[in-house]
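What follows is one structure encoded as structure tokens, with my remarks underneath.
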Amino acid sequence: MKAVIILGLVLLSVTVQGKIFERCELARTLKRLGLDGYRGISLANWVCLAKWESDYNTQATNYNPGDQSTDYGIFQINSHYWCNNGKTPGAVNACRISCNALLQDNIADAVTCAKRVVRDPQGIRAWVAWRNHCQNRDVSQYVQGCGV
């Protein structure tokens, strides 16, 4: 019985953690989902963005007390503008998606929403982490050795 409880706790901790992509695994997945060159944004820039926003973690969340919004998933997509979490005051939900969908191990919905984000005038500059860590830098290291 004790072993069953311990196994249950281990499985629960794995479930809560979500998927943490390896760098090259993410690069291949993003390429397959059509992000390489989308709106002129290189695959390396997308991988750099994911590194600095979530450390490649699909379950990453970050609460923003200023506007009571939360950032979700591998790209840290914000509930004030892009998704619906049922809690953020004045939310727009421009991606027309539940924020929980952005926390799935299958990142297809997150990629679709990220494509919507970059169609806005700010483009990829909407992400502070991209501006701080990727913009005007050599980001080729993020796809180096990945065969993409």
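Cβ atoms are placed via backbone N, Cα and C, with glycine included.
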- Task: Check Swiss-Prot and name the cysteine among C83, C134, C146 that pairs with C99 in a disulfide.
- Result: C83
- Sparsest-packed among the disulfide-bonded residues, when each Cβ's other Cβ atoms within 10 Å are tallied, from C83, C134: C134
- Nonlocal residues around E53 (active site), in sequence order (Cβ under 8 Å, 6 or more apart): A60, D71, I74, F75, Q76, W127, A129, W130
- Query: What are the helix, strand and coil residue counts for the domain 'C-type lysozyme' (19-148) according to DSSP?
  - Reply: 55 helix, 14 strand, 61 coil
- Which residue, of the disulfide-bonded residues C48, C95, C146, has its CB surrounded by the fewest other CB atoms within 10 A? C146
